[in-house]
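J.: Reproduced below are the annotations present in Swiss-Prot:
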BINDING   D455, D461, E464, E465  Mg(2+) binding site
DOMAIN    39-148  domain 'tRNA-binding'
DOMAIN    401-477  domain 'B5'
DOMAIN    698-792  domain 'FDX-ACB'
Amino acid sequence: MKVSKLWLREWVNFSLTEQELAEQLTMAGLEVDAVNPVAGQFTHVIVAEVLNTKPHPDADKLTLCEVNINKDKPLKIVCGAANVRPGLRVALAMIGAHLPGGLQIKESKLRGELSQGMLCSATELGLAEHSEGIMELSDEAPIGMDLREYLALDDHVFDIDLTPNRADCFSILGVAREVAVLNKLPLIEQPIVTVPPAIDDGLRVNLIHSEACPRYCGRIIRNLNLEAKTPLWMAERLRRGGIRTLHPVVDVMNYVMLELGQPMHAFDLSKINGEINVRYSASGEQLELLDGQEVVLNDNVLVIADKEKPLAMAGIMGGANSAVQEQTQHIFLESAYFNPVTIAGVARKYGLFSDSSQRFERGVDPCLQSKALERATELILSISGGEPGPVIESFDKKFLPGTVSFLFDTTKVKKLTGLSIPLNEMKNLLEGLGVVIIKETNHFFEVTIPSHRVDLQQDADLVEEIIRLYGYDKLQAQPMQTSVQAGLISAKEKIATHVSSWFSAKGYHETISYSFVDPELQEALYPQKEFMELLNPISSELSQMRAGMWPGLIASMIYNSHRQQTAVKFFEIGVVFDLDGGQLKERSCIAGLLMGEQGNLNWSESARLFDFYDLKGDLQSLFASLKLDDVEFIQSSHHALHPGQSAQIVINGKHSGWIGVLHPRLSDAFDLDQDVVLFELNLESLINPTIPLYKPISKYPQIRRDLSFLVDRQISAMQIERVIRNTVKEDWLKSFDVFDVYMGKGIPEDKKSIAVAMTLQDDTRTLVDAEINLTISAIIKKLENEFSILLRE
């Protein structure tokens with residue numbers, strides 16, 4: 001934001017030097033990058049009037065001029081500018097004048113004709129980078145007056161780098177508010193005249209998407225003077241604000257934006273068909289912009305349109321098809337409030353940048369639109385004349401930002417900064433910002449935030465405002481005085497930490513993968529699920545939210561296996577996303593996989609590959625560390641797992657996950673030549689709500705009994721274990737292990753032999769053989785009844 005010091009002083013009468021003001025603004029958070037004079041250094045340049053002209057007798061491109069400088073005798077000047085003419089008031093460098101670049105003006109003869117000075121262009125005076133012809137001054141410019149005084153060129157421009165939260169300072173008014181409160185000076189409000197309508201003409205405004213544009217003000221002005229030109233004072237202020245002049249109407253739009261902070265736009269009324277519609281564009285609509293670029297719009301770009309076509313990209317740039325031009329006689333003025341979320345990012349997406357988009361992205365004052373429209377109308381009428389219609393205002397209160405009010409705890413100033421500031425001083429600083437203090441109760445202020453400060457939403461924001469206005473330099477190094485409460489760690493966080501440490505200790509490597517996955521891989525693993533598609537993915541290979549942990553783990557495993565990793569042990573803890581009836585639900589999971597050789601080369605045993613039981617054993621060990629006793633592995637089928645080597649994991653009677661070997665079909669598709677064993681569990685299922693109780697180690701002997709059964713092949717060891725545990729007296733069965741499974745010679749084809757070992761123990765006494773024998777008999781009888789199992793001798 002470029003701010004003229006003299007323009008700023010019209011709003012607040014300060015007496016600071018340029019350096020002092022720059023330091024003050026920077027310390028208050030408005031960083032001043034540079035302070036530059038508004039014009040080059042020159043002397044003895046005055047306002048003069050061209051009385052008459054005639055061609056140079058010896059040069060076709062030179063003109064002989066008589067110039068009035070309000071002295072007894074006019075001066076003779078030789079000029080080469082094409083725009084020199086009688087009656088024109090110009091900038092004359094007198095004999096002895098020094099111009100930028102070291103040029104000194106002397107009396108001389110050009111092609112034999114006397115020249116007693118030089119008529120200057122804006123470029124020669126350092127007032128513009130490019131200019132055509134000599135500088136043309138207003139007809140009211142006082143002849144003989146020093147040009148620096150007439151144009152107020154003893155001025156400086158402050159180039160301020162604004163942080164994203166200070167959208168309110170994108171105007172002279174906004175910076176003036178800061179200077180006023182910093183120096184405890186009154187803000188000089190500039191009156192805005194309400195212009196009464198001279199005609200009844202208006203346009204219908206339809207807020208089709210009012211959530212994106214909740215307020216739109218407009219006004220027709222007819223019969224502009226086509227000969228009008230932007231006054232020099234306005235052109236100079238625009239130049240100092242970094243904006244070049246284009247057309248009187250457009251210049252007024254830019255002037256009001258610099259002055260008040262409200263971006264505006266003017267349309268050629270003759271190019272508008274019937275009405276104004278504020279809507280999102282249809283995909284594929286095209287619009288040629290003011291800069292000549294033609295853009296193809298997608299369906300999320302807010303546009304200003306008439307009945308048949310888009311006229312402008314709302315808040316970003318107008319269209320060439322409705323632009324104000326030299327022959328434009330009737331105009332429609334726009335002053336609107338656009339939701340910052342709607343504008344943010346759209347300009348960058350299309351490679352566009354404008355002063356309007358910069359302001360709308362950060363948020364303008366939602367109450368400023370009608371005031372800015374009245375100010376623009378007043379200026380246009382004073383420059384170009386015309387007949388204004390009534391102000392048209394359409395709004396949707398539901399989507400307009402509401403008044404922000406809350407209870408401010410003033411003790412937080414001391415808590416957060418360590419600085420003790422009197423309550424009265426805090427009150428004065430806040431009121432200087434425009435904050436209304438409705439009520440004071442003890443150390444609380446009930447406050448209402450002004451509409452232009454969209455960044456003030458909570459206590460911490462007001463603390464920041466108070467301390468920056470009070471002065472960061474008044475902060476002294478001292479220990480902070482505050483109360484600290486230890487944060488509570490949730491049960492899920494504790495489980496995640498335990499599981500991560502446990503797997504790491506087991507030699508697993510933790511992976512962290514994207515929550516976005518390859519849709520082909522995910523759909524191959526979970527064909528029965530729905531998936532959330534990303535609207536704007538990083539790439540086509542990462543276009544779905546993951547519905548399980550396996551896609552990321554398998555992708556990491558494939559990457560490593562293709563790089564000669566002979567043993568892969570991975571686990572990952574993360575969030576998966578289930579799509580349930582169109583609603584996205586998050587779920588925390590733990591998953592892992594094994595592939596390759598188990599262990600290192602060893603002289604005492606041969607190498608082997610990881611199998612189902614390696615991973616199952618690791619999980620059983622994990623469950624034991626978490627004191628989870630009610631865990632079952634129930635043989636079941638999963639689309640991604642081997643039909644004969646897959647199981648559901650049931651914890652405390654609830655389905656909690658899966659374990660198994662990757663389906664051969666998928667192994668072939670992924671070009672894997674070894675089995676991949678993997679599991680996935682809901683993390684919350686590992687939370688054990690029971691409180692562990694102290695229990696001494698039993699001093700009574702353990703008794704082992706081995707039993708061998710002949711069972712149908714489809715009967716699992718888990719089913720046998722469940723029957724045994726339900727039969728043995730509570731707390732007697734200390735362990736249950738399957739130590740042999742045999743199918744083959746001597747065993748019927750539809751049968752198998754399972755041998756199990758049971759360890760029995762009572763914690764209060766020694767078990768006797770009679771009790772043990774009764775228990776074994778009960779087990780055998782129960783198994784015979786349930787599964788027709790036979791005890792092998």
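Positions of Cβ are set from backbone N, Cα and C atoms, glycine also.
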J.: In the same chain, which residues outside the set D455, D461, E464, E465 have their CB within 8 A of the centroid of the CB atoms that define the Mg(2+) site?
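T.: The surrounding set, listed in chain order, is N165, R453, L456, A460, L462, V463.
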J.: Neighbour count first, Cβ atoms within 10 Å, every protein chain included; then name which of D455, D461, E464, E465 tops the list of binding-site residues.
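T.: It comes out as E465.
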J.: For D455 (Mg(2+) binding site), what is the secondary structure by DSSP, using just helix, strand and coil?
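T.: In three-state terms, D455 (Mg(2+) binding site) counts as coil.
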J.: For D461 (Mg(2+) binding site), which DSSP three-state class applies?
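T.: For D461 (Mg(2+) binding site) - judged by DSSP and reduced to three states - the answer is helix.
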J.: For the domain 'B5' (401-477), what does DSSP give as the number of helix, strand and coil residues?
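T.: Helix, strand, coil within the domain 'B5' (401-477): 32 helix, 16 strand, 29 coil.
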J.: Quick one: average pLDDT across the domain 'tRNA-binding' (39-148), no decimals.
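T.: Average per-residue pLDDT within the domain 'tRNA-binding' (39-148): 92.
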